[in-house]
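A.B. asks: Annotation comment: TrEMBL describes 34-114 as domain 'Mur ligase N-terminal catalytic'. Marked as domain 'Mur ligase central' by TrEMBL: 126-307. The ATP binding site annotation in TrEMBL covers GLY128, SER129, SER130, GLY131, LYS132, THR133, THR134. Marked as domain 'Mur ligase C-terminal' by TrEMBL: 329-452.
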Amino acid sequence: MGDSVLMTLDALLKAVQGTLLYTGASAKAGFVSVAIDSRKVTKASLFVALPGSVQDGHHYISSAFNAGASIVLMQEDRLGTYKDIARASAQQQDGAVVVVPDTLRALQKAAKAYLDQFPALLKIGITGSSGKTTVKELTAAILGQEKQVVMNEGNLNSETGLPLSVFSVRPEHEIGVFEMGMNRRGEISELAAVLNPDIALITNIGTAHIGILGSKDAIAEEKKAIFSQFNGKQIGLIPEYDAYANYLQRAVNGQVKCYGPRSTGSFGGGRTKGLDGIEFIWNRKPVAIALPGQHNILNSLAAAALAQEAGVSETAILRGLSSVKPLFGRGEILKGPITLIRDCYNANPESAIAAIEFCDAIEWSGRRIYVIGSMLELGTAAEQEHERVARILAQSKADAVYLFGAETACMKDIIARSGTKQVWHTTDMEMLKGELAGSLVQGDLVLLKGSRGVALERLTDIVSNQGV
């Protein structure tokens, strides 16, 4: 094997408590990478066949072996359908098939066992309703000034994404920075068991995923589970300004500290510079960051608090913060004849309101056009939360509001009653593209804000090509 072996077959069997359906001689050496998508399998990969109602990974066991997989994890309840093809494929490629009761749990157990090989690695976990990825990127940029750092790529923060990210840890890494997301109750606790963070931070408690958990109280309980593996030695960080701050620090088996303007260093105030980002005073020194929006001052203080606990210097904190640039769809600013604010990687009511308030605060002589897509995963609170954002839009400086998605229909009348702005609604992307193409002019400021599933970035070319 050209790349370093991550785990041998024997170590994997011990970690996942699996049984061998078949093993070839070469498979005993182990695996050098991990995949749950057969299209991403390379030579000597571990392929984890995850069951699913739409796509079942077991259907691709043969493809995985043909692509070079050395070991496949398969689930016991799929043996009836896939046992023969799995054994035959393994025999043909001299691979191994390991059978486990639950392949998702096995992936997580394998990731934990792999991570246990690096006891000196300082592990940082980040969760919260919004801001996770930004805080992760800020923190990694700071720590990377002085340390060897590994982190999740993009937003690989889920029940599968975090374990896959863990396998990117290498012996040279000193600190791991991992965000932890959730799409169901109990997921944060499972991820905490994989990572076992030494330092864990909660960005905020908002309404994202309220449709899954039912209430903000339940969301707070779920996010607090990032502290569930604490045994007295770890440190938790919570936002001083959050309504759930008192709850988050109660009954935690470790030290819980607040972060924010009053708690993190010597904060001397800050301001937004509109499209040019933010600036603030920290420990009597100016910091300029190319991330737009007042909320990113709080995200920066979260990253600074993590960095302080990790033991890096003030110089590293200042340099790291100044080096960060916006990620795709997260407050990106694309300047041209029409200026586009592409903040459509995801959306919840709090982040939507923050984006609207940010655009309102910009000094702008042209029109403000706000394109708002559906905010998903709000469940029974969807109409109420969309109407809450609509009331903010009604009072905003927008000259026109374009609403996209079935969930935004309830917003139209509320905004229209303001009598000060044009409002348009559709569920058809092509109609929206046509409407924007016919109405945008040079000098417009356009905001795109919506959930990932709405994919408002599809409007980028339409906006960029107008006014030229």
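Just so you know, glycine gets a Cβ as well, placed from its N, Cα and C.
Tell me about the setting of these features in this model.
C.D. replies: Annotation for GLY128 (ATP binding site): spatial neighbours VAL135, LEU201, ILE202, THR203, ASN204, ILE205, GLY206, LYS223, criterion Cβ-Cβ under 8 Å with sequence separation of six or more.
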A.B. asks: Using DSSP, how many residues in the domain 'Mur ligase N-terminal catalytic' (34-114) fall into helix, strand and coil?
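C.D. replies: The counts are 43 helix, 16 strand, 22 coil.
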A.B. asks: Given the binding-site residues SER129, SER130, THR134, which one's Cβ is surrounded by the fewest other Cβ atoms within 10 Å?
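C.D. replies: Per-residue Cβ counts within 10 Å for the binding-site residues SER129, SER130, THR134 bottom out at SER130.
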A.B. asks: Near GLY131 (ATP binding site), how many other Cβ atoms are within 10 Å of its Cβ?
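C.D. replies: If we count other Cβ atoms within 10 Å of GLY131 (ATP binding site), we arrive at 26.
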A.B. asks: Taking the Cβ of THR133 (ATP binding site) as the centre, how many other Cβ atoms fall within a 10 Å radius?
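C.D. replies: For THR133 (ATP binding site), the 10 Å Cβ neighbour count is 22.
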